[in-house]
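Residues or ranges marked as transmembrane segment in TrEMBL: 116-136, 148-166, 187-206, 226-250, 257-277, 283-302, 322-341, 411-430, 465-486, 552-572.
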Amino acid sequence: MTSSYSLSSIRNSTKFVANNYNIFFPRQRLCVFTNETQFPKKDFLVLKPQTCSFSFLRLKKSSFTHPFAALSSFAESDDEKGENFEVKSHQEKAISSENEHELPGMAQAFNISSSTASAIAICIALAALILPFFMKSLGQGLGLKYKILSYVTILFGFYMAWNIGANDVANAMGTSVGSGALSLRQAVVMAGVLEFSGALLMGTHVTNTMQKGILVTNVFQGKDTLLFAGLLSSLAAAGTWLQVASYYGLPVSTTHCIVGSMVGFGLVYGGPGAVFWSSLARVISSWVISPLLGAVVSFLVYKCIRRFVYSARNPGKAAATAAPISVFLGVTGISFVALPLSKTLNLALGQAITCGAISAFAVDRIIRGQLGHLLAKASSKEPEPEPETTDTKNIGFLSDIAGPKGTQLKIVYGVFGYMQVLSACFMSFAHGGNDVSNAIGPLAAALSILQGGLSAADIVIPNDVLAWGGFGIVAGLTMWGYRVIATIGKKITELTPTRGFAAEFAAASVVLCASKLGLPISGTHTLVGAVMGVGFARGFNSVRAETVREIATSWAVTIPVGATFAVIYTWIFTKLLAYLL
(Lines of atoms letter the chains of each structure in order from A and count residues from 1; the text may use other names and numbers.)
(Lines give C-alpha, C1' and ligand atoms only; values in the text may rest on other atoms or scores of the structure.)
Protein backbone atom coordinates (compact mmCIF):
# COMPACT_ATOMS: atom_id res chain seq x y z
CA MET A 1 0.00 0.00 0.00
CA THR A 2 1.79 3.16 -1.17
CA SER A 3 1.10 6.80 -1.85
CA SER A 4 2.80 9.43 -3.98
CA TYR A 5 2.23 12.35 -1.61
CA SER A 6 5.43 14.34 -1.24
CA LEU A 7 6.79 15.44 2.10
CA SER A 8 7.17 19.05 0.98
CA SER A 9 3.49 19.39 0.24
CA ILE A 10 2.41 18.32 3.72
CA ARG A 11 5.31 19.46 5.88
CA ASN A 12 3.46 22.48 7.25
CA SER A 13 0.14 20.70 7.75
CA THR A 14 -1.04 19.35 11.06
CA LYS A 15 -3.65 17.11 9.51
CA PHE A 16 -5.11 16.25 6.13
CA VAL A 17 -7.28 13.51 4.73
CA ALA A 18 -6.16 11.43 1.75
CA ASN A 19 -7.89 8.28 0.63
CA ASN A 20 -9.79 8.09 3.96
CA TYR A 21 -6.64 8.31 6.08
CA ASN A 22 -6.18 11.05 8.68
CA ILE A 23 -2.52 12.00 8.83
CA PHE A 24 -0.94 13.41 11.98
CA PHE A 25 2.58 14.54 12.77
CA PRO A 26 4.04 13.63 16.18
CA ARG A 27 7.66 14.31 17.11
CA GLN A 28 9.52 11.40 15.59
CA ARG A 29 7.44 10.01 12.71
CA LEU A 30 4.36 10.69 10.65
CA CYS A 31 1.36 8.62 11.70
CA VAL A 32 -1.63 7.85 9.53
CA PHE A 33 -4.75 6.75 11.42
CA THR A 34 -7.25 4.93 9.28
CA ASN A 35 -10.93 5.81 9.06
CA GLU A 36 -11.75 2.40 7.62
CA THR A 37 -13.72 0.26 10.05
CA GLN A 38 -12.26 -3.05 8.84
CA PHE A 39 -8.85 -2.24 10.31
CA PRO A 40 -8.32 -3.10 14.01
CA LYS A 41 -8.33 -0.09 16.32
CA LYS A 42 -4.76 -0.72 17.47
CA ASP A 43 -3.44 -0.67 13.87
CA PHE A 44 -2.23 2.41 12.10
CA LEU A 45 0.00 3.40 9.25
CA VAL A 46 3.40 5.06 9.30
CA LEU A 47 4.56 7.43 6.59
CA LYS A 48 8.31 6.96 6.34
CA PRO A 49 10.07 10.31 5.77
CA GLN A 50 12.79 8.70 3.66
CA THR A 51 10.53 7.09 1.05
CA CYS A 52 7.19 8.83 1.56
CA SER A 53 5.48 5.44 1.45
CA PHE A 54 2.85 3.99 3.73
CA SER A 55 3.72 0.88 5.69
CA PHE A 56 1.31 -1.13 7.82
CA LEU A 57 2.25 -1.51 11.49
CA ARG A 58 0.75 -2.94 14.67
CA LEU A 59 1.61 -1.62 18.14
CA LYS A 60 0.66 -2.94 21.55
CA LYS A 61 -1.61 -0.68 23.58
CA SER A 62 -0.52 2.50 21.77
CA SER A 63 2.84 2.61 23.47
CA PHE A 64 4.02 5.02 20.79
CA THR A 65 1.47 7.77 21.29
CA HIS A 66 1.56 10.11 24.23
CA PRO A 67 -0.45 13.15 25.32
CA PHE A 68 2.41 15.60 24.80
CA ALA A 69 2.71 15.92 21.05
CA ALA A 70 5.14 18.33 19.45
CA LEU A 71 2.29 20.23 17.88
CA SER A 72 0.85 23.19 19.73
CA SER A 73 -2.09 22.10 21.83
CA PHE A 74 -4.18 25.21 21.41
CA ALA A 75 -7.56 23.50 21.36
CA GLU A 76 -10.17 25.00 19.09
CA SER A 77 -13.63 25.05 20.59
CA ASP A 78 -16.85 25.36 18.68
CA ASP A 79 -16.87 29.10 19.21
CA GLU A 80 -13.19 29.66 18.43
CA LYS A 81 -12.99 28.59 14.80
CA GLY A 82 -10.02 30.60 13.68
CA GLU A 83 -6.48 29.32 13.28
CA ASN A 84 -6.41 25.57 13.82
CA PHE A 85 -3.46 25.23 16.19
CA GLU A 86 -4.16 21.73 17.42
CA VAL A 87 -4.65 18.21 16.27
CA LYS A 88 -7.89 17.22 17.97
CA SER A 89 -7.06 14.54 20.54
CA HIS A 90 -6.08 12.05 17.87
CA GLN A 91 -5.27 9.32 20.34
CA GLU A 92 -8.89 9.41 21.56
CA LYS A 93 -10.16 8.86 18.03
CA ALA A 94 -7.67 6.26 16.90
CA ILE A 95 -7.24 4.25 20.10
CA SER A 96 -9.95 2.28 21.77
CA SER A 97 -11.40 3.48 25.05
CA GLU A 98 -9.66 0.57 26.68
CA ASN A 99 -6.27 2.17 26.08
CA GLU A 100 -6.91 5.90 25.89
CA HIS A 101 -6.20 6.53 29.57
CA GLU A 102 -2.86 4.76 29.53
CA LEU A 103 0.09 6.96 30.41
CA PRO A 104 3.44 6.85 28.63
CA GLY A 105 6.74 5.99 30.20
CA MET A 106 9.30 8.61 31.11
CA ALA A 107 11.20 8.09 27.83
CA GLN A 108 8.07 8.59 25.69
CA ALA A 109 6.80 11.53 27.72
CA PHE A 110 10.05 13.46 27.25
CA ASN A 111 10.77 12.04 23.79
CA ILE A 112 14.13 10.64 24.86
CA SER A 113 15.66 7.21 24.51
CA SER A 114 15.01 4.51 27.07
CA SER A 115 18.70 4.38 27.94
CA THR A 116 18.73 8.11 28.68
CA ALA A 117 15.65 7.81 30.88
CA SER A 118 17.22 4.88 32.74
CA ALA A 119 20.44 6.83 33.22
CA ILE A 120 18.52 9.77 34.72
CA ALA A 121 16.66 7.48 37.12
CA ILE A 122 19.90 5.74 38.17
CA CYS A 123 21.66 9.07 38.80
CA ILE A 124 18.77 10.27 40.96
CA ALA A 125 18.75 7.01 42.95
CA LEU A 126 22.51 7.14 43.53
CA ALA A 127 22.33 10.77 44.61
CA ALA A 128 19.53 9.94 47.05
CA LEU A 129 21.61 7.17 48.59
CA ILE A 130 24.94 9.05 48.75
CA LEU A 131 24.09 12.68 49.55
CA PRO A 132 22.76 11.98 53.10
CA PHE A 133 26.31 11.08 54.18
CA PHE A 134 27.30 14.71 53.56
CA MET A 135 24.41 16.22 55.53
CA LYS A 136 25.09 17.69 58.97
CA SER A 137 21.70 16.43 60.09
CA LEU A 138 22.80 12.81 59.77
CA GLY A 139 23.64 12.76 63.47
CA GLN A 140 27.28 13.54 64.03
CA GLY A 141 28.54 12.35 67.40
CA LEU A 142 25.80 9.74 67.77
CA GLY A 143 26.26 6.00 68.06
CA LEU A 144 26.19 3.71 65.04
CA LYS A 145 22.58 2.61 65.63
CA TYR A 146 21.33 6.17 65.79
CA LYS A 147 23.32 7.14 62.71
CA ILE A 148 21.72 4.28 60.80
CA LEU A 149 18.28 5.37 62.01
CA SER A 150 19.06 8.95 60.98
CA TYR A 151 20.09 7.77 57.53
CA VAL A 152 16.90 5.72 57.14
CA THR A 153 14.81 8.68 58.36
CA ILE A 154 16.40 10.98 55.78
CA LEU A 155 15.58 8.45 53.05
CA PHE A 156 11.95 8.33 54.24
CA GLY A 157 11.82 12.12 53.96
CA PHE A 158 13.19 11.91 50.43
CA TYR A 159 10.55 9.32 49.53
CA MET A 160 7.76 11.61 50.69
CA ALA A 161 9.28 14.64 48.91
CA TRP A 162 9.70 12.57 45.75
CA ASN A 163 6.01 11.74 45.74
CA ILE A 164 5.07 15.36 46.40
CA GLY A 165 7.01 16.30 43.27
CA ALA A 166 5.43 13.48 41.29
CA ASN A 167 1.87 14.48 42.24
CA ASP A 168 1.51 18.00 43.56
CA VAL A 169 3.72 19.93 41.12
CA ALA A 170 1.01 19.43 38.48
CA ASN A 171 -0.88 22.15 40.38
CA ALA A 172 1.58 24.67 38.99
CA MET A 173 2.46 23.30 35.55
CA GLY A 174 -0.42 21.06 34.45
CA THR A 175 -2.55 23.74 32.82
CA SER A 176 0.45 25.36 31.10
CA VAL A 177 1.40 22.06 29.47
CA GLY A 178 -2.20 21.24 28.63
CA SER A 179 -2.76 24.58 26.88
CA GLY A 180 0.52 24.43 24.96
CA ALA A 181 2.00 27.49 26.67
CA LEU A 182 4.91 25.27 27.80
CA SER A 183 6.26 22.01 26.51
CA LEU A 184 6.69 19.19 29.00
CA ARG A 185 10.47 19.62 29.01
CA GLN A 186 10.22 23.36 29.59
CA ALA A 187 7.71 22.85 32.38
CA VAL A 188 9.89 20.28 34.17
CA VAL A 189 13.04 22.42 33.93
CA MET A 190 11.30 25.59 35.09
CA ALA A 191 9.38 23.84 37.86
CA GLY A 192 12.53 22.04 39.00
CA VAL A 193 14.47 25.28 39.43
CA LEU A 194 11.58 27.16 41.03
CA GLU A 195 10.43 24.34 43.31
CA PHE A 196 13.95 23.86 44.66
CA SER A 197 14.46 27.61 45.08
CA GLY A 198 11.14 27.98 46.86
CA ALA A 199 11.85 25.08 49.19
CA LEU A 200 15.31 26.37 50.08
CA LEU A 201 14.61 30.11 50.25
CA MET A 202 11.03 30.21 51.52
CA GLY A 203 10.51 26.82 53.13
CA THR A 204 9.10 26.90 56.64
CA HIS A 205 12.04 27.00 59.04
CA VAL A 206 9.86 26.33 62.08
CA THR A 207 7.26 23.58 62.03
CA ASN A 208 4.92 22.05 64.54
CA THR A 209 5.74 18.51 65.61
CA MET A 210 2.13 17.38 65.18
CA GLN A 211 1.43 18.61 61.66
CA LYS A 212 -1.56 20.87 60.97
CA GLY A 213 -2.90 20.72 64.51
CA ILE A 214 -4.43 17.29 63.96
CA LEU A 215 -2.97 15.50 67.00
CA VAL A 216 -2.95 16.44 70.69
CA THR A 217 0.75 16.60 71.60
CA ASN A 218 0.34 15.96 75.33
CA VAL A 219 -0.82 12.39 74.68
CA PHE A 220 2.64 11.39 73.44
CA GLN A 221 4.84 13.07 76.05
CA GLY A 222 7.49 10.67 77.30
CA LYS A 223 6.87 8.24 74.44
CA ASP A 224 9.69 9.25 72.13
CA THR A 225 10.11 5.83 70.51
CA LEU A 226 6.42 5.57 69.71
CA LEU A 227 6.36 9.15 68.43
CA PHE A 228 9.42 8.48 66.27
CA ALA A 229 7.73 5.40 64.79
CA GLY A 230 4.57 7.44 64.18
CA LEU A 231 6.48 10.16 62.32
CA LEU A 232 8.23 7.61 60.12
CA SER A 233 4.94 5.84 59.47
CA SER A 234 3.28 9.12 58.45
CA LEU A 235 6.01 9.72 55.86
CA ALA A 236 5.83 6.15 54.57
CA ALA A 237 2.01 6.00 54.53
CA ALA A 238 1.50 9.35 52.83
CA GLY A 239 4.26 8.57 50.33
CA THR A 240 2.73 5.18 49.52
CA TRP A 241 -0.71 6.58 48.75
CA LEU A 242 0.76 9.47 46.76
CA GLN A 243 2.74 7.00 44.69
CA VAL A 244 -0.34 4.90 43.97
CA ALA A 245 -2.32 8.02 43.00
CA SER A 246 0.52 9.34 40.83
CA TYR A 247 0.82 6.00 39.04
CA TYR A 248 -2.79 6.35 37.90
CA GLY A 249 -2.42 10.08 37.23
CA LEU A 250 -4.81 11.13 40.02
CA PRO A 251 -4.16 14.52 41.66
CA VAL A 252 -4.58 14.24 45.44
CA SER A 253 -3.71 16.60 48.28
CA THR A 254 -0.36 15.91 49.96
CA THR A 255 -1.57 17.75 53.03
CA HIS A 256 -4.56 15.43 53.29
CA CYS A 257 -2.25 12.43 52.93
CA ILE A 258 -0.22 13.59 55.92
CA VAL A 259 -3.40 14.38 57.86
CA GLY A 260 -4.82 10.92 57.19
CA SER A 261 -1.58 9.29 58.30
CA MET A 262 -1.49 11.32 61.51
CA VAL A 263 -5.13 10.53 62.26
CA GLY A 264 -4.57 6.80 61.84
CA PHE A 265 -1.50 6.82 64.06
CA GLY A 266 -3.09 9.00 66.75
CA LEU A 267 -6.40 7.16 66.85
CA VAL A 268 -4.88 3.69 67.24
CA TYR A 269 -1.92 4.49 69.47
CA GLY A 270 -3.26 7.50 71.39
CA GLY A 271 -7.00 6.93 71.50
CA PRO A 272 -9.87 9.16 70.34
CA GLY A 273 -8.64 11.93 72.62
CA ALA A 274 -5.42 12.23 70.63
CA VAL A 275 -7.20 13.65 67.56
CA PHE A 276 -8.58 17.16 67.12
CA TRP A 277 -11.83 16.11 65.47
CA SER A 278 -12.84 19.70 64.70
CA SER A 279 -9.65 20.15 62.66
CA LEU A 280 -10.36 16.92 60.82
CA ALA A 281 -13.87 18.14 60.01
CA ARG A 282 -12.40 21.33 58.53
CA VAL A 283 -10.12 19.27 56.32
CA ILE A 284 -13.01 17.14 55.06
CA SER A 285 -15.10 20.25 54.38
CA SER A 286 -12.37 21.49 52.05
CA TRP A 287 -13.27 18.65 49.65
CA VAL A 288 -16.40 20.64 48.85
CA ILE A 289 -15.31 24.22 49.50
CA SER A 290 -12.06 24.10 47.49
CA PRO A 291 -13.31 22.80 44.12
CA LEU A 292 -16.55 24.78 44.40
CA LEU A 293 -14.79 28.11 44.94
CA GLY A 294 -12.21 27.28 42.28
CA ALA A 295 -14.90 26.41 39.74
CA VAL A 296 -16.99 29.53 40.43
CA VAL A 297 -14.06 31.96 40.25
CA SER A 298 -12.52 30.39 37.12
CA PHE A 299 -15.95 30.38 35.45
CA LEU A 300 -16.28 34.11 36.10
CA VAL A 301 -12.70 34.90 35.05
CA TYR A 302 -13.07 33.02 31.77
CA LYS A 303 -16.42 34.66 31.05
CA CYS A 304 -14.80 38.06 31.73
CA ILE A 305 -12.09 37.26 29.18
CA ARG A 306 -14.68 36.29 26.60
CA ARG A 307 -16.89 39.28 27.34
CA PHE A 308 -14.27 42.05 27.53
CA VAL A 309 -11.50 40.69 25.30
CA TYR A 310 -13.16 38.49 22.68
CA SER A 311 -16.03 40.93 22.11
CA ALA A 312 -13.74 43.97 21.76
CA ARG A 313 -13.37 45.63 18.38
CA ASN A 314 -9.68 44.71 18.48
CA PRO A 315 -9.34 41.59 20.70
CA GLY A 316 -5.54 41.48 20.36
CA LYS A 317 -5.13 45.03 21.59
CA ALA A 318 -7.63 44.41 24.39
CA ALA A 319 -5.65 41.37 25.53
CA ALA A 320 -2.37 43.30 25.44
CA THR A 321 -3.99 46.04 27.54
CA ALA A 322 -5.58 43.66 30.03
CA ALA A 323 -2.37 41.72 30.69
CA PRO A 324 -0.44 44.45 32.59
CA ILE A 325 -3.57 45.28 34.60
CA SER A 326 -3.95 41.64 35.65
CA VAL A 327 -0.27 41.43 36.55
CA PHE A 328 -0.48 44.62 38.61
CA LEU A 329 -3.49 43.37 40.58
CA GLY A 330 -2.02 39.91 41.05
CA VAL A 331 1.49 40.92 42.11
CA THR A 332 0.18 43.70 44.36
CA GLY A 333 -2.24 41.33 46.10
CA ILE A 334 0.33 38.58 46.49
CA SER A 335 3.02 40.95 47.78
CA PHE A 336 0.65 42.52 50.30
CA VAL A 337 -1.16 39.41 51.54
CA ALA A 338 1.28 36.53 51.22
CA LEU A 339 4.69 38.21 51.21
CA PRO A 340 4.42 41.50 53.12
CA LEU A 341 7.72 43.37 52.94
CA SER A 342 7.00 45.41 56.05
CA LYS A 343 4.96 45.06 59.25
CA THR A 344 3.70 48.64 58.92
CA LEU A 345 0.40 48.66 57.01
CA ASN A 346 0.95 51.79 54.91
CA LEU A 347 4.54 50.92 54.12
CA ALA A 348 3.65 47.33 53.19
CA LEU A 349 0.85 48.58 50.92
CA GLY A 350 3.15 51.07 49.22
CA GLN A 351 5.82 48.43 48.66
CA ALA A 352 3.23 46.01 47.25
CA ILE A 353 1.92 48.64 44.83
CA THR A 354 5.48 49.41 43.72
CA CYS A 355 6.18 45.73 43.06
CA GLY A 356 2.94 45.45 41.12
CA ALA A 357 3.69 48.52 39.00
CA ILE A 358 7.21 47.31 38.16
CA SER A 359 5.93 43.86 37.22
CA ALA A 360 3.13 45.30 35.06
CA PHE A 361 5.58 47.55 33.21
CA ALA A 362 7.95 44.63 32.58
CA VAL A 363 5.16 42.41 31.26
CA ASP A 364 3.89 45.19 28.99
CA ARG A 365 7.39 45.66 27.51
CA ILE A 366 7.80 41.91 26.97
CA ILE A 367 4.43 41.51 25.26
CA ARG A 368 4.89 44.48 22.98
CA GLY A 369 8.44 43.44 22.18
CA GLN A 370 7.47 39.88 21.27
CA LEU A 371 4.07 40.55 19.70
CA GLY A 372 4.53 44.12 18.46
CA HIS A 373 4.58 43.15 14.79
CA LEU A 374 1.30 41.27 15.16
CA LEU A 375 -0.29 44.15 17.07
CA ALA A 376 0.76 46.54 14.31
CA LYS A 377 -0.62 44.19 11.68
CA ALA A 378 -3.93 43.85 13.50
CA SER A 379 -4.23 47.62 13.93
CA SER A 380 -3.49 48.39 10.28
CA LYS A 381 -6.38 49.36 8.05
CA GLU A 382 -5.42 46.87 5.35
CA PRO A 383 -7.90 43.98 5.33
CA GLU A 384 -6.55 40.48 5.75
CA PRO A 385 -7.59 37.52 3.57
CA GLU A 386 -9.87 36.22 6.32
CA PRO A 387 -12.11 38.50 8.38
CA GLU A 388 -10.95 38.95 11.95
CA THR A 389 -13.88 40.76 13.45
CA THR A 390 -15.65 39.26 16.40
CA ASP A 391 -19.33 38.49 16.41
CA THR A 392 -20.88 40.79 18.98
CA LYS A 393 -24.57 40.14 18.45
CA ASN A 394 -24.94 38.62 21.89
CA ILE A 395 -22.76 40.42 24.39
CA GLY A 396 -24.39 39.43 27.63
CA PHE A 397 -21.97 38.34 30.34
CA LEU A 398 -23.04 34.69 30.16
CA SER A 399 -23.68 34.67 26.41
CA ASP A 400 -21.55 32.69 24.00
CA ILE A 401 -19.24 35.01 22.09
CA ALA A 402 -17.50 33.99 18.90
CA GLY A 403 -13.74 33.92 19.32
CA PRO A 404 -11.27 36.02 17.31
CA LYS A 405 -9.62 34.69 14.18
CA GLY A 406 -6.38 34.92 12.29
CA THR A 407 -3.85 37.41 13.64
CA GLN A 408 -6.16 38.46 16.45
CA LEU A 409 -6.30 34.88 17.72
CA LYS A 410 -2.51 34.62 17.59
CA ILE A 411 -2.17 37.79 19.66
CA VAL A 412 -4.76 36.76 22.24
CA TYR A 413 -3.23 33.32 22.70
CA GLY A 414 0.27 34.79 22.72
CA VAL A 415 -0.58 37.29 25.44
CA PHE A 416 -2.33 34.81 27.67
CA GLY A 417 0.38 32.26 26.99
CA TYR A 418 2.92 34.64 28.54
CA MET A 419 0.53 35.34 31.39
CA GLN A 420 0.04 31.67 32.04
CA VAL A 421 3.79 30.99 32.14
CA LEU A 422 4.25 33.81 34.67
CA SER A 423 1.45 32.53 36.90
CA ALA A 424 2.81 28.97 36.64
CA CYS A 425 6.27 30.16 37.71
CA PHE A 426 4.89 31.92 40.75
CA MET A 427 2.71 28.97 41.75
CA SER A 428 5.67 26.62 41.37
CA PHE A 429 7.92 28.80 43.55
CA ALA A 430 5.20 29.21 46.19
CA HIS A 431 4.43 25.48 46.14
CA GLY A 432 8.06 24.62 46.81
CA GLY A 433 8.12 26.95 49.80
CA ASN A 434 4.80 25.78 51.21
CA ASP A 435 4.30 22.06 50.58
CA VAL A 436 7.87 20.99 51.22
CA SER A 437 6.97 21.16 54.91
CA ASN A 438 4.72 18.13 54.41
CA ALA A 439 7.87 16.06 53.89
CA ILE A 440 10.51 17.81 55.96
CA GLY A 441 8.28 18.62 58.96
CA PRO A 442 7.95 15.01 60.16
CA LEU A 443 11.52 14.37 58.96
CA ALA A 444 12.98 17.19 61.06
CA ALA A 445 10.90 16.15 64.08
CA ALA A 446 12.07 12.53 63.80
CA LEU A 447 15.72 13.64 63.52
CA SER A 448 15.30 15.83 66.61
CA ILE A 449 14.05 12.83 68.58
CA LEU A 450 17.11 10.83 67.58
CA GLN A 451 19.40 13.71 68.54
CA GLY A 452 18.11 14.12 72.06
CA GLY A 453 14.37 14.39 72.11
CA LEU A 454 11.90 17.21 71.63
CA SER A 455 11.93 19.94 74.24
CA ALA A 456 9.06 21.88 72.71
CA ALA A 457 6.27 21.56 70.20
CA ASP A 458 8.20 23.63 67.67
CA ILE A 459 11.49 22.60 66.10
CA VAL A 460 13.93 24.39 63.81
CA ILE A 461 14.49 22.89 60.38
CA PRO A 462 18.14 23.08 59.18
CA ASN A 463 18.96 24.40 55.73
CA ASP A 464 20.37 21.07 54.55
CA VAL A 465 17.02 19.41 55.34
CA LEU A 466 15.20 22.13 53.38
CA ALA A 467 17.52 21.55 50.43
CA TRP A 468 17.01 17.80 50.75
CA GLY A 469 13.25 18.25 50.52
CA GLY A 470 13.67 20.46 47.46
CA PHE A 471 15.86 17.85 45.79
CA GLY A 472 13.26 15.16 46.46
CA ILE A 473 10.50 17.28 44.92
CA VAL A 474 12.56 17.93 41.78
CA ALA A 475 13.45 14.23 41.48
CA GLY A 476 9.81 13.15 41.70
CA LEU A 477 8.74 15.81 39.21
CA THR A 478 11.38 14.65 36.72
CA MET A 479 10.58 10.95 36.95
CA TRP A 480 6.80 10.82 37.38
CA GLY A 481 5.44 14.36 37.25
CA TYR A 482 4.16 13.98 33.70
CA ARG A 483 1.50 11.51 34.87
CA VAL A 484 -0.59 13.96 36.89
CA ILE A 485 0.26 16.81 34.51
CA ALA A 486 -1.52 14.77 31.82
CA THR A 487 -4.67 14.57 33.96
CA ILE A 488 -4.75 18.25 34.93
CA GLY A 489 -3.84 19.54 31.50
CA LYS A 490 -5.58 17.11 29.17
CA LYS A 491 -8.09 14.73 30.66
CA ILE A 492 -10.53 17.00 32.53
CA THR A 493 -11.23 19.39 29.66
CA GLU A 494 -9.42 20.80 26.64
CA LEU A 495 -7.36 23.86 27.52
CA THR A 496 -6.16 26.89 25.58
CA PRO A 497 -3.96 29.70 26.94
CA THR A 498 -7.03 31.75 27.84
CA ARG A 499 -8.68 28.84 29.66
CA GLY A 500 -5.43 27.81 31.32
CA PHE A 501 -4.79 31.33 32.55
CA ALA A 502 -8.34 31.61 33.89
CA ALA A 503 -7.90 28.36 35.83
CA GLU A 504 -4.49 29.25 37.28
CA PHE A 505 -5.44 32.84 38.13
CA ALA A 506 -8.64 31.68 39.83
CA ALA A 507 -6.89 28.93 41.80
CA ALA A 508 -4.12 31.25 42.99
CA SER A 509 -6.63 33.94 44.00
CA VAL A 510 -8.86 31.52 45.91
CA VAL A 511 -5.97 29.89 47.77
CA LEU A 512 -4.46 33.27 48.65
CA CYS A 513 -7.69 34.82 49.96
CA ALA A 514 -8.92 31.66 51.72
CA SER A 515 -5.62 31.13 53.48
CA LYS A 516 -5.71 34.69 54.76
CA LEU A 517 -9.29 34.25 55.97
CA GLY A 518 -8.53 30.91 57.61
CA LEU A 519 -10.85 28.87 55.38
CA PRO A 520 -9.97 25.19 54.90
CA ILE A 521 -8.58 25.10 51.36
CA SER A 522 -6.63 22.53 49.37
CA GLY A 523 -4.53 23.85 46.48
CA THR A 524 -4.94 20.60 44.53
CA HIS A 525 -8.70 20.54 44.94
CA THR A 526 -8.99 24.22 44.10
CA LEU A 527 -7.06 23.88 40.83
CA VAL A 528 -9.04 20.82 39.75
CA GLY A 529 -12.24 22.75 40.44
CA ALA A 530 -10.88 25.74 38.51
CA VAL A 531 -10.12 23.59 35.47
CA MET A 532 -13.65 22.19 35.68
CA GLY A 533 -14.99 25.74 35.91
CA VAL A 534 -13.52 26.82 32.57
CA GLY A 535 -14.91 23.62 31.10
CA PHE A 536 -18.38 24.40 32.44
CA ALA A 537 -18.10 27.89 30.93
CA ARG A 538 -18.04 26.18 27.52
CA GLY A 539 -20.86 23.75 28.37
CA PHE A 540 -21.31 20.84 30.73
CA ASN A 541 -20.40 18.36 28.00
CA SER A 542 -16.93 19.91 27.80
CA VAL A 543 -15.94 18.33 31.14
CA ARG A 544 -15.13 14.63 31.14
CA ALA A 545 -17.34 13.16 33.85
CA GLU A 546 -15.41 9.91 34.08
CA THR A 547 -12.16 11.69 34.93
CA VAL A 548 -13.92 13.87 37.51
CA ARG A 549 -15.44 10.80 39.19
CA GLU A 550 -12.04 9.11 39.42
CA ILE A 551 -10.48 12.22 40.97
CA ALA A 552 -13.34 12.69 43.47
CA THR A 553 -13.07 9.04 44.52
CA SER A 554 -9.34 9.40 45.13
CA TRP A 555 -10.02 12.45 47.32
CA ALA A 556 -12.61 10.62 49.39
CA VAL A 557 -10.35 7.66 50.16
CA THR A 558 -7.17 9.67 50.82
CA ILE A 559 -7.60 10.07 54.59
CA PRO A 560 -8.86 6.53 55.37
CA VAL A 561 -6.22 4.94 53.15
CA GLY A 562 -3.48 7.08 54.67
CA ALA A 563 -4.70 6.17 58.15
CA THR A 564 -4.71 2.46 57.35
CA PHE A 565 -1.19 2.53 55.94
CA ALA A 566 0.01 4.52 58.98
CA VAL A 567 -1.35 1.95 61.43
CA ILE A 568 0.30 -0.89 59.54
CA TYR A 569 3.65 0.88 59.21
CA THR A 570 3.63 2.00 62.86
CA TRP A 571 3.13 -1.59 64.02
CA ILE A 572 6.05 -2.72 61.84
CA PHE A 573 8.34 0.12 62.92
CA THR A 574 7.65 -0.31 66.64
CA LYS A 575 8.58 -4.00 66.37
CA LEU A 576 11.80 -3.17 64.52
CA LEU A 577 12.74 -0.38 66.94
CA ALA A 578 12.11 -2.64 69.93
CA TYR A 579 14.51 -5.14 68.41
CA LEU A 580 17.19 -2.56 67.47
CA LEU A 581 17.08 -0.40 70.58
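Note: Cβ is positioned from N, Cα and C throughout, glycine not excepted.
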Tertiary contacts of the transmembrane segment (257-277) (same chain, 6+ residues out, Cβ under 8 Å): 210-216, 219-220, 226, 230, 233-235, 237-238, 241-242, 283, 438, 442, 558-567, 570
For the transmembrane segment (322-341), sequence-distant contacts whose Cβ falls under 8 Å of one of its Cβ atoms, 6 or more beyond its ends: 305, 308-309, 347-349, 351-353, 355-357, 359-361, 363-364, 367, 415-416, 418-419, 422-423, 426, 430, 505, 508-509, 512-513, 515-516
Residue numbers, six or more beyond the limits of the transmembrane segment (226-250), whose CB comes under 8 Å of its CB atoms: 101, 103, 152-153, 156-157, 159-160, 162-164, 166-167, 209, 211, 220, 257-258, 260-262, 264-266, 269, 438-439, 442-443, 445-446, 449-450, 454, 480, 483-484, 486-487, 491, 550-551, 554, 558, 561-570, 573-574, 577
Within-chain partners of the transmembrane segment (148-166) [C-beta distance under 8 Å, separation at least 6 from its ends]: 128-129, 132-133, 135, 137-139, 142, 195, 232, 235-236, 238-239, 242-243, 246, 254, 435-436, 438-440, 442-443, 446-447, 450-451, 465, 468-481, 483-484, 580
Spatial neighbours of the transmembrane segment (116-136) far in sequence, C-beta under 8 Å, 6+ residues away: 105-107, 110, 151, 154-155, 158, 462, 464-465, 468, 471-472, 475, 478-479
